[in-house]
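Undergrad: Questions regarding the structure given below will be posed in turn.
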């Protein structure tokens, strides 16, 4: 046994990277999902302005996740992507269309509605595809040795559609609470109004998925119902945070709902990992099976330890520069 | 008809990477040009540099944005279509691609923001620093990706054990035999691409009588640089070719269209190679030319394609003609750059309408040359995915069907068509509005926060722009 378990370190690093992606791109995808429901064009301008400076950096975490998986857990990369082939295409197409919508919407006059659709549909499809990935992960993959051998649509089942819609709703909640934080006036008033409904919707999906998962999956069932009662602290905490979020909305606290929603996502994330642990490519392969050579993990780790603090520093710096409310008169022309 | 997932995946990868490549090859050179302009501005405070820097930064932002959206796809292609290859080579490719993300993509993203939006928010020195960091970031990015590509051409530092590449030396793998010259060749190509675009656009403005002062400045700066770099590229390209001759002789045989091993092989200027007939038709060549170039001896021996089994040969017509297109355009660039230098020294550069017209017409030339060059090296590597070790069909995703591959191929073609048409349309509008419209005043009137949105050029004609209203 080696002195340090590099695989464990990489689970933590990539776990952190994926969480960063979910939280950060989550709210800007959410803004896109909510786009057509905004009360006015002015509100849409505000919403887009609020995420415009940061969405690109947010999305870079997805690239980090992709390349990092190839480096540290190649099996995850080479089973998930073929298994989700069509879903990955939809995800990429969605991200492209919403990306160029940022660039072109404010330049368009007659065709602006087209870029609105492009932004909304692209964001929604991308969010749904990500939710389906989560569902497919829980569902497991048909592998032989170290290769995916299932069909092209194994990932698309009632269960993954449910998780896909759940993530769309969850991202919308992140987007709504972000909008509360960053806007004022009618836009914010609208965001206050829809947030409780989105919370209720997400909670409903949470309950359905939480009940469905152990019933459909014996391993998950045993994990939660055997004797590890301490684990029940997480669903309990989820309910408490929901209450915290709801009361913050009632008291019209501007920052708390966004923080509370992010906390919810962290709890879901931990719950997911508890359910699936230690499987990277269920039902057969653990993270340790999926790991690359320790030499490669170490080679990259040394660089990451040096570079990632800088990346986090600049990211924080960007958010600091663009802090505060988006003011309508400072929008694009 | 049976759909072949390998062939479709190859077409898809070639399409996606070719489409993507035209953007970074331009932005890498342009980022350095902008950093140079910013440095000149910092030292001289001459407003003409500010006008140029602002204008080309706008162009940079548009092209960079298109490179980003098309680049995301690349990061996932390896897994979706080439999972067996990814799995086998993950120990090397994984860390290399991850290093590209953390050392280059994040660096570019941070400082691009400062470069685009920070001119009035940070001190001039910081702004110059940001411009330099963006340029450095683009170079770091090409460093890693070319290392990965070179490794597929000339694998080193690894050992194949049970179908998986295990690392034996990181240094040998990253700095594999063909990496150094390929990187230099590509970097020069990037500079030439940006340079000839700047030449072409500046020449166009001069002919139109627009932004005369700044266009003259850009033209004279760039002509001198191109007159140095274009001939340098010939030398570096030749060295790169000799390097390929050593490591991948079958690629060079295809480039030269040589079927029979021979002493005193001719340098073919024209021929129609036949893959099936294993010969050329309508050859026109310089006797002993190829031997002289490749071995530096008139009667040096050059191995012919027949040394390799038919299934181990690259597609000769593609490699042969791509190589001639690349070299031909390269020679054209050398002539055009040297002619510009002569005219500049004679003090007549700005009054050479035919040369200026040529520059404008030549804007696509470097892009075509770069793509042709990529075709030479990539098609010339076939049928190998990792040269000499892993064949292309061994790398394919086992579960991939022809239908799935066809679906995404058509999908990417459609998506990219939209991106490309919208981008080109918009870029042409930026070009038409010209450097003079990017003054300090017009920029401060709009708060722009996104690359493509930094330009206040409208996407369509404004109502007051319509011909009927004039």
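Glycine is treated like the rest: Cβ placed from N, Cα and C.
Just lifted these from TrEMBL, have a look:
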- A:6-39: transmembrane segment (TRANSMEM)
- A:83-106: transmembrane segment (TRANSMEM)
- A:118-139: transmembrane segment (TRANSMEM)
- A:159-181: transmembrane segment (TRANSMEM)
- A:193-215: transmembrane segment (TRANSMEM)
- A:227-246: transmembrane segment (TRANSMEM)
- A:258-279: transmembrane segment (TRANSMEM)
- A:299-322: transmembrane segment (TRANSMEM)
Undergrad: Any chance you could find the range in A:118-139, A:258-279, A:299-322 with the most Cβ pairs under 8 Å to the transmembrane segment (A:193-215)?
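TA: The stretch with the most close Cβ contacts to the transmembrane segment (A:193-215) is A:258-279.
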Undergrad: Can you tell me which parts of the same chain pack against the transmembrane segment (A:6-39), counting only residues 6+ beyond its ends and a CB-CB cutoff under 8 A?
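TA: For the transmembrane segment (A:6-39), the sequence-distant neighbours (Cβ-Cβ under 8 Å, at least 6 residues beyond its ends) are 47-48, 50-51, 54-55, 57-59, 61-62, 64-65, 68-69, 72-73, 98, 116, 119-120, 122-124, 126-127, 130, 168, 170-179, 186-187, 190, 194, 258, 262, 265-266, 269, 273, 287-288, 291, 294, 297-298, 301, 304, 308.
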Undergrad: Any residues 6+ beyond the ends of the transmembrane segment (A:159-181) with a Cβ under 8 Å from its own?
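TA: Distal contacts: 23, 26-34, 47, 50-51, 124, 127-132, 134-136, 138-139, 187-188, 191-192, 194-195, 198-199, 201-202, 205-206, 208-209, 212, 216, 245, 254-255, 257-258, 260-262, 264-265, 268.
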Undergrad: Under 8 Å between C-beta atoms and at least six residues away from its ends: which parts of the chain pack against the transmembrane segment (A:299-322)?
TA: 6, 9-10, 13, 53-54, 57, 71-72
Undergrad: Determine which residues of the chain contact the transmembrane segment (A:83-106) at the Cβ level, with the cut-off under 8 Å and only residues 6 or more beyond its ends counted.
TA: 29, 32, 45, 48, 52, 55, 59, 62, 112, 115-116, 118-119, 121-126, 128-130, 132-133, 136, 141, 148, 150, 152-156, 332-333
